[in-house]
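According to Swiss-Prot, the protein has these features:
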type: SIGNAL; residues: 1-21; note: signal peptide
type: DISULFID; residues: 24-43; note: disulfide bond
type: DISULFID; residues: 38-60; note: disulfide bond
type: DISULFID; residues: 62-73; note: disulfide bond
type: DISULFID; residues: 74-79; note: disulfide bond
């Protein structure tokens with residue numbers, strides 16, 4: 001009888017994604033799109049210019065940046081493309 005009572009609980013746990021992850025883009029500048037799974041709930045896109053031109057860095061989280069660097073943080077899958 002205990003086995004029958006535990007079966008729905010096990011099925012529920014297996015079907016739910018208890019460790020939610022986000023998918024963030026992580027390609028640099030104009031490279032082909034690549035993604036990574038992130039444990040947090042945000043993605044970022046940093047943009048700045050130097051002697052090479054406009055540089056774009058993408059990844060997980062929402063880091064602190066120096067002045068002169070544009071930072072966009074977002075909270076949906078692949079929102080930083």
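Every residue, even glycine, has its Cβ placed from backbone N, Cα and C.
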May I ask you to report the DSSP-based helix, strand or coil state of residue 73 (disulfide bond)? strand
Cβ neighbours within 10 Å, counted over all protein chains: which one of the disulfide-bonded residues 38, 43, 73 has the most? 43
Across the disulfide-bonded residues (60, 79), the Cβ with the fewest other Cβ atoms inside 10 Å is that of 79
Among 24, 62, all listed as disulfide-bonded residues, which has the most CB atoms within 10 Å of its CB? 24
Which one is closest to residue 74 (disulfide bond) in space, judged by CA to CA distance, out of the disulfide-bonded residues 24, 38, 43, 60? 43
Which one is it: of the disulfide-bonded residues 24, 62, 79, whose Cα lies the shortest distance from the Cα of residue 38 (disulfide bond)? 24
Between residue 79 (disulfide bond) and residue 73 (disulfide bond), what is the CA-CA distance rounded to a whole number of Å? 9
In whole Å, how far is residue 60 (disulfide bond) from residue 43 (disulfide bond) when you measure between their Cα atoms? 4
